[in-house]
Amino acid sequence: FAKEFINYKWLLICDEETRIDVQKLLMMLRKYDHTKEYFLGKALRDRSPTIIHHFAFIEDTSKFAYPDIGAGILLSHPLFTRVGEAWEKDTSTNSGFAIDPKHELAKFIYDDGKGVSLTEVQELCTYDISKDCATSYPIRFPDCGKEVSEDDLFVGVKTCEKFHKDRAQFVKETWGKDAKHIEYYSEKEDPTIPTVNLGVPNTERGHCGKTMAMLQRWHDNPKLSHHSWYLIADDDTIINLKRLRKLLSCYDADEPVHLGEVYGYQVSKNNWGYTYITGGGGMIFSREAIKRMVRENMVYCTSDDAPDDMGLGMRFKRMGIPLVHSPYFHQARPEDYSEDFLKARTALSFHKHWNNDPLAVYKLLMKDDVNSSTTKNKNGKNKHEEL
């Protein structure tokens, strides 16, 4: 951008669903001097230090603002040219995980206080639409027709003996009840759940051996492999299966689809880096994706405790199959995300039972109006429809 847009006063970056009133946007920009460094956006703030932001700014988390790209972000000419030049020379971004681009961009621009902070602009909006908004983000949960049938979806839950009585039982009593076809996989058979022993020892982390054994079992068993879609979830994943089946109607199981929330490893500047679907939010495989993995001998592990989701990302890159990112899956808990960010989007899953009430999270996900992206006036009409 720094090289290609050298003659422009402002650079606007937005989401594909962002709606823009160009005249209002230009009028708003008159308030800012384009010859100075400005970073404009709708501000999001963390409620507490969070793993999805690498626990950044631990002492002052609530004061650090980063933008919601759904509302659009604007960089003035001096800022995007300086940052663009700095990016090429920077070495700190050569390694590590890419989890939340909007936060990582704001942190790079802020540069530990030596750069520019985000300026909050009321005219850049998401769900909170008013007559003054120059942008908005009236995103709907995808509607591609009737949801796929319960028979099209098979669910595999990873658990272990340690969590049979709490986590696995919680899944059975909540979202697991909505699955017509579901199995629980452990290192020990337990008829009270029941669990399936895959012959893979439990590991404290990674779980590659267990996940690959689940994929192989699904492929080799005709009673399982006739289903169009396979969901692999952790025993502390919480998911709305009806929404998932609605989302899956947008995809073709005869294509090699690997769907979920995408993270990256070593992707900033290295060609050998790769993206992967994070396991905690739920990993979706089409029937064809699993067939290709088996056919190309990609269902293996260097060790049982190797990271399963990252390993799958590497395998799909080798097979030349792009991953499908969906903003409705969440690797972390609701409290790990900005409240305003969640209000603008419908959630499909969350992950972790750490320092929260999983039943409350389940009820949140099952509410028909959860995280609705529209607001209504006193007459019941959507505000964005009036605009």
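Cβ coordinates come from backbone N, Cα and C, glycine included.
As given in TrEMBL:
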- 8-83: domain 'Fringe-like glycosyltransferase' (DOMAIN)
- 147-356: domain 'Fringe-like glycosyltransferase' (DOMAIN)
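Mean per-residue pLDDT, taken over the domain 'Fringe-like glycosyltransferase' (147-356), amounts to 94. Broken down by DSSP into helix, strand and coil, the domain 'Fringe-like glycosyltransferase' (8-83) contains 27 helix, 17 strand, 32 coil.
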